Amino acid sequence: MGSGRPVKGRFAPSPTGRMHAGNVYAALVAWLVAKSAGGTMVLRIEDLDRERSKPRYIDQVQRDFEALGLTWDEGPYFQHGRDEAYRDAFHLLQERGLVYPCYCTRADLKAASAPHFGEKAVYPGTCRNLSPDARREREEAGRMPAWRLAVPDDAVAFDDAFQGAYAQNLASECGDFVVRRSDGLFAYQLAVVVDDAEQGVTSVVRGVDLLCSTPQQIHLGRLLGAAEPPRYGHVPLFVGPDGRRLSKRHKDADLEALLAVYGSPEAVIGRIAHKSGLAPTDEPTTPENLLHIFDEKEYRAHVCGSISISW
Ligand code: GLU
Ligand code: ZN
């Protein structure tokens, strides 16, 4: 496990809909990785975006984890009410002159940047060197800025527990990214780094769709003086029959539908474990049972480099 720190993993669901098979799979692997190392799990409900987070899903996700046998040892922690911690981190960056206001509208951004690496658009740096006059002009026009972190022309490299070596040049492949939105909310990237550091998370297991955010998070963690980055492992995503990754919009793969089709939480876990190669058969099972046969090295060899599993 590298550094010899006790392993602390985390579930970090966004309560914006019912979990789907891909969310359950990532949570299951996160749990197996932590528990097989004698570690613990934290539950953090990522309700940063108050508009998209729904109270009913905050309850539901906890009941779902319980029913699935995905236990946690600490939490639930929440992101709402944590503005002070995020603001402190933001001020630290601001004092060091590392953030600047960005007045670009969504349309400006669309016009200025080509989509990169699937989903990621590289911000072209339009507002980085605005003169004080130009800033004043935009402020007087009533435009509320977002705040971006000025990134260096450096590569951030790390060894992903499941995907292997990964590196990204922050300037050319990512660009200056938003740490505070124009509506005043702190951005996901900032909140997640502050929370993982403060909650002592040492193991982050999540879907490979977030792999390209990890260099940003490692960089932010360093700037904020986080002790040591967590160990990151990105698991393949389930894709639907249409070849697109499952999302909360695919109603037929959300937990409600899965429970209706397969009949029990154990049957759902069995199905997911078999599909993903965690179990030799699709017999109903529990995370606790899978723990007896889980071997992280074997799992790594099995998934290495794979980014999707058909559902
Ligand atoms: N809350 C995010 C999600 O549900 C996960 C964030 C993370 O794992 O860093 O997609
Ligand atoms: Zn801008």
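Note that Cβ sites are derived from N, Cα and C of the backbone, with glycine treated the same way.
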Between 13-23, 46-56, which stretch does TrEMBL give the note motif ''HIGH' region'?
13-23
Round to the nearest Å and give the CA-to-CA distance linking Lys248 (ATP binding site) with Phe11 (L-glutamate binding site).
17
Any idea of the Cα spread of the L-glutamate site, Arg10, Phe11, Ala12, Pro13, Ser14, Glu46, Tyr188, Arg206, as a max distance in Å?
16
Return one of helix, strand or coil for Tyr123 (Zn(2+) binding site), based on DSSP.
coil
For ligand 2, list the binding-site residues among Ala12, Ser14, Cys102, Cys104, Tyr123, Cys127 whose CB atom is within a distance below 6 Å of it, in sequence order.
Cys102, Cys104, Cys127
The motif ''HIGH' region' (13-23), counted residue by residue under DSSP: helix, strand, coil:
3 helix, 1 strand, 7 coil
Mind checking which of Cys102, Cys104 has the fewest other CB atoms within 10 A of its CB? They're the binding-site residues.
Cys104
Over all shown protein chains, what is the count of other CB atoms within 10 A of the CB belonging to Ser14 (L-glutamate binding site)?
19
